Amino acid sequence: MIGFQIPLPFKKFLFSIFLVTYMFTISGNVLIIMLSSVSQQLNKPMYFFLSNLSVCEILLTTNIVPNMLCLLMVDGVIISVSECFLQFYMFGTSATTECFLLAVMSYDRYLAICSPLHYTSIMNERLCVTLAVIVWTTGFMATVGTIIMMSSLQFCKTNGIDHFFCDREPILSLSCSDTSEIKVEALVFSFCITLWPFIIIVWSYISILRTILKMITSKERYKTFSTCSSHLIVVSMYYGTLIIMYVVPSNNQSFNVNKLLSLDKVVSVVYSVVTPLLNPMIYSLRNKKFQTAVFSSVLRWSIQS
């Protein structure tokens, strides 16, 4: 695995940035999981799904970033074909799960804002657990078909992957078999995986916007919109990068070792490093209930100690 073909001083700089980012990402998402589990203030469906999103982000970033850090310190990392397929499978699982989790969270906000009187009865504990099981099951099954098709390929070209993790296109570029069928299947699958959750999200927020516009005072409108603005920011970032990478066809999907830093790597860094960091920051720093839960937990720990 070749990784980043950039000067050594810049590699050291990126190593420091990515290491600190990874530490903050893990710490922030673990904090969300812990607070959602123990705090009575956060014992609500929104924070249940947010804790699931944090688990997904930890899985995504841990699958990619440690190997990326190694690539920034050495010229290349040796990885077996089976390990490469496993990394691609875990990436596909976490990415698919996050797509559907974001859709479920948007539906939760739709019910809370557009049907507040029925919210508690509809979004009960049983439905929350059922939705979480469906989302994670879909995620774990999502890339199985692609993995099976890729495992039948013959790899006889150069054994250097010009990327910092085993993504679909870098793997296919090493095969001397006909990969057109896999590429079509993967494109259709990626389109469906991103399209249906995206439709749910768009429909939810159109309904939410209509409800907000019907509110009488601007203060009430601002307060209501602020409860879902964090989710909207995360959705925009995540889906923007995924659509650029996997849904929009590109004739420039080359992984040439002569490139210093391709667009594919830059976009991959956004959804594998930046987005997992911003999720806990956006959801926690902008959320007063999270701030109160943190303060209460720290105060309770101080009194007990």
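Each residue, glycine too, has its Cβ placed from N, Cα and C.
Bear in mind that TrEMBL entries carry predicted annotations, made automatically and left uncurated.
Taken from TrEMBL, the feature domain 'G-protein coupled receptors family 1 profile' applies to 28-283.
The transmembrane segment annotation in TrEMBL covers 13-35 (among others). Cβ atoms under 8 Å from those of the transmembrane segment (13-35) belong to residues 4, 6, 42, 47, 50-51, 54-55, 57-58, 61-62, 65-66, 68-69, 72-73, 273-274, 276-277, 279-281, 283-284, 290, 293-294, 297 of the same chain, restricted to positions at least 6 beyond its ends.
Look at TrEMBL and you will find 47-74 (among others) tagged as transmembrane segment.
As annotated by TrEMBL, transmembrane segment applies to 86-107 (among others). Beyond the transmembrane segment (86-107), the same-chain residues lying 6 or more positions past its ends with a Cβ under 8 Å from any Cβ of the stretch are 46, 49-50, 52-53, 56-57, 59-60, 63-64, 67, 79, 131-132, 134-136, 138-140, 142-144, 146-147, 150, 165-168, 171, 193-194, 196-198, 200-201, 204-205, 228, 231, 234-235, 238-239, 242, 271.
With a cut-off of 8 Å between Cβ atoms, the residues of this chain six or more beyond the transmembrane segment (127-150) that come close are 45, 48-49, 52, 56, 85, 88-89, 92-94, 96-97, 100-101, 104, 168, 171-172, 181-182, 185-186, 189, 193. Annotated transmembrane segment per TrEMBL: 127-150 (among others), in sequence order.
The transmembrane segment annotation in TrEMBL covers 187-209 (among others).
Positions annotated as transmembrane segment by TrEMBL: 230-248 (among others).
Among the features that TrEMBL reports, transmembrane segment is placed at 268-285 (among others).
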Contacting positions for the transmembrane segment (187-209) when only residues 6+ beyond its ends and CB under 8 Å are counted: 96, 99-100, 102-103, 106-107, 109-110, 113-114, 142, 145-146, 225, 228, 232, 235, 239, 242-243, 246-247, 249
